[in-house]
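J.: I have a structure here, written as structure tokens, and I will follow up with some questions on it.
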Amino acid sequence: MKLGKVEFCHFLQILALFLCLSGMNQAELSRSRSKPYFQSGRTRTKRSWVWNQFFVLEEYMGTDPLYVGKLHSDVDKGDGSIKYILSGEGASSIFIIDENTGDIHATKRLDREEQAYYTLRAQALDRLTNKPVEPESEFVIKIQDINDNEPKFLDGPYTAGVPEMSPVGTSVVQVTATDADDPTYGNSARVVYSILQGQPYFSVEPKTGVIKTALPNMDREAKDQYLLVIQAKDMVGQNGGLSGTTSVTVTLTDVNDNPPRFPRRSYQYNVPESLPVASVVARIKAADADVGPNAEMEYKIVDGDGLGVFKISVDKDTQEGIITIQKELDFEAKTSYTLRIEAANMHVDPRFLSLGPFSDMTTVKIIVEDVDEPPVFTSRLYSMVVSEAAKVGTIIGTVAAHDPDASNSPVRYSIDRNTDLERYFNIDANSGVITTAKSLDRETNAVHNITVLAMESQNPAQIGRGYVAITILDINDNAPEFAMEYETTVCENAQPGQVWLDSLCFRMVMYFTFLFLFLYLDNTATVLTRRNGFRRQEQSVFYLPIFIVDSGSPSLSSTNTLTIRVCDCDADGIAQTCNAEAYILPAGLSTGALIAILACVLTLLVLVLLIVTMRRRKKEPLIFDEERDIRENIVRYDDEGGGEEDTEAFDMAALRNLNIIRDTKTRRDVTPEIQFLSRPTFKSIPDNVIFREFIWERLKEADVDPCAPPYDSLQTYAFEGNGSVAESLSSLDSVSSNSDQNYDYLSDWGPRFKRLADMYGTGPDCLYS
């Protein structure tokens, strides 16, 4: 009869209980043979516990609490006087005990991988006195493992590499799986490995997990990567065991097992003969299926008629052979070249020498094409000489050039005028003869470097260049002269024969005077005095004409002047002062002192001009004239009378009020607006006193008024006084009087005075006529 899971668990519990009872019997037997334990004041009696180590299965899935075991004391007579208590790890939360029977149950699902055992303490108490009847004892509940964890590859997925062409059994990589179940109990943690994907190329060791090659001669060039799936299964791989998988990517690494091979046995390239040296003619490449260092190659020319004309090198990036020119090509000399080129691997693996030679050969034929070349001179540089005395048209030399092509076209010559700007030379266009076109001067230009152009008659675009260096030969056409302007000194107390100027340089000299003697050697001369007794008062400077003659043919001469100053010298012959003025006025001012005095005088003049300008500006009034003074002083009387002659219509005392009351204002830098306010009425006094007091009072007010303008100004008071000498100018009186005044001239003043002309005119259209 097959047992279900529940029945199997019950069977295990019964078996565990049987073992516990057997253990308790042994424990009781051992305790009965032991000596009693004495505690202070009383004798410890033999413990009468019936118990042992308990076991419980993990991952219990039932609904009822899982029975663990039973505690029982010999003191317990079954009458309910003893109660059991439980303490320690998981007490009350995971494990509970029936205080009457001592039965222990687990209330939660347990996991051995989380905690493998629990340590608890049990005690039997007297129910009435609540005192222990037995000492507290400790016991352990162990969690029994079941196969509830599958193997896991903690380091997966894996990547590995193995050289191609490896023999069978070559180790690739080792994989490892771990199982969290108890390795000491059953086969739950015993793992075996197997390969699910990757056969027949690879295999795996069942116990170690080492992956090895299973086929020989695996070629990277055919397939360079494989994906393996490895399985790990517990329970020693038996049915019902748990499993886990991982992937392993295996890459075949390259080895040099493929020799280089040229795709073609021969190559042909056409190049123009005008191709410059070091130019690339062609690129060839031998195919190699390997990669990296295994595909590195070297090329070399092993045979052919172009060994000295061409060379081959390797491009490190593309592994191509680059053929370049070493010498100039000439179609007229040789029209083709043949080269035998070899390509070989640089790193050969001895294990694969049997696969054949790791090199290959090919033939390269190079065809030289003809091009129209410019004329070529017979010499790259021509050297010619001509005397500077040569006349215009003198033949200097000849240059020659020819057309190197088979057509041998005629050549015409010309001078590149950029190299002969002054046009000193000419060249015959047909013969290449160079002649002088101007007079030459070696002292101006000793060597002329000119470029001669040779062009084909049939194709003027083809131009060759030749270089000519023309050296000008010297003739005696320059008179000797001083190399520089010489000036020396002589002391007043100089003795005859004393040297005063050494190494006077010129081209050729022979001359002496009664005062000085000149000695010459190698175009240099020494000046000696011939007498003594020089005085600055008599003559302070000597200007000596020097006659110089060279030794040329014909000889040339010139006269130069040597300046000698007479100086006052100290005992050592060192000049102190050399000017006659300095001797007469030894206390004179130096140039620096004169400049300083002049600067001071100019500074004083500038200061004086500045002061005068500032004073003139202060005297100028801010208000220049009466016409520009736009201020007005208005006196308002609020009284209308019968005109100026009517003195009875208003009180004149209003004009005689001198006490003006003003509001105090802050002074400003602008012209203030003057306003006149009412004053107390004063008693009328004679006119001259009134005017004097009026003006005096206004003057004092202007002096103390902070609002008065800070400059002189014209004050208008509108005070006329009594009995003016002038008659009334009132227009009202003029209309009513019998005045014979003629106002017809107002019509001539323009449209602005037309209204007045109509009022006072005497014409027929007059308003009042």
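One is the number of the first residue shown, and numbering goes on along the chain from there.
Here the Cβ of each residue, glycine as well, is placed from N, Cα and C on the backbone.
Any TrEMBL annotation is an automated prediction that lacks curation.
According to TrEMBL, the record shows the following:
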- 1-27: signal peptide (SIGNAL)
- 73-153: domain 'Cadherin' (DOMAIN)
- 154-262: domain 'Cadherin' (DOMAIN)
- 263-377: domain 'Cadherin' (DOMAIN)
- 378-482: domain 'Cadherin' (DOMAIN)
- 508-528: transmembrane segment (TRANSMEM)
- 518-583: domain 'Cadherin' (DOMAIN)
- 593-612: transmembrane segment (TRANSMEM)
J.: Mind tallying the domain 'Cadherin' (73-153) by DSSP state, helix then strand then coil?
T.: 0 helix, 36 strand, 45 coil
J.: Over the domain 'Cadherin' (263-377), work out the mean pLDDT and round it to an integer.
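T.: That stretch averages a pLDDT of 92.
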J.: Within the domain 'Cadherin' (378-482), count helix residues (DSSP H, G, I), strand residues (E, B) and coil residues, in that order.
T.: 0 helix, 46 strand, 59 coil
J.: Within the domain 'Cadherin' (263-377), count helix residues (DSSP H, G, I), strand residues (E, B) and coil residues, in that order.
T.: 10 helix, 54 strand, 51 coil
